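S.K.: There's a structure below that I have some questions on.
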Amino acid sequence: MAEPLKSVDYEVFGTVQGVCFRMYTEGEAKKRGLVGWVKNTSKGTVTGQVQGPEEKVNSMKSWLSKVGSPSSRIDRADFSNEKTISKLEYSNFSIRY
């Protein structure tokens, strides 16, 4: 049986703007075969949604909360609306503006 698909929303706090965080997030998501999006918020955080096989989503959550882009400093990452989905709602991973 195929691995269950999972969807999760995220928001990352810390020094995450002006440090290529979105570009690296897009790269890491694509490397894992995940879909979704990422964007900067007006309050200095980075937010988005990621979808894909459960194990890959969990790996991405770990990257978002502990690794980030080389110049970033992550204070914390909040995850919400985590749920199992029957099909992906996006065809790729994109940076939103």
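Using the three backbone atoms N, Cα and C, a Cβ is placed for every residue, glycine included.
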S.K.: Could you check Swiss-Prot and say which of SER59, SER65, SER91 is marked as phosphoserine?
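M.R.: When Swiss-Prot is consulted, phosphoserine appears for SER91.
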S.K.: By DSSP, how many residues in the domain 'Acylphosphatase-like' (7-97) are helix, how many strand, and how many coil?
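M.R.: Taking each residue of the domain 'Acylphosphatase-like' (7-97) in turn, the totals are 24 helix, 39 strand, 28 coil.
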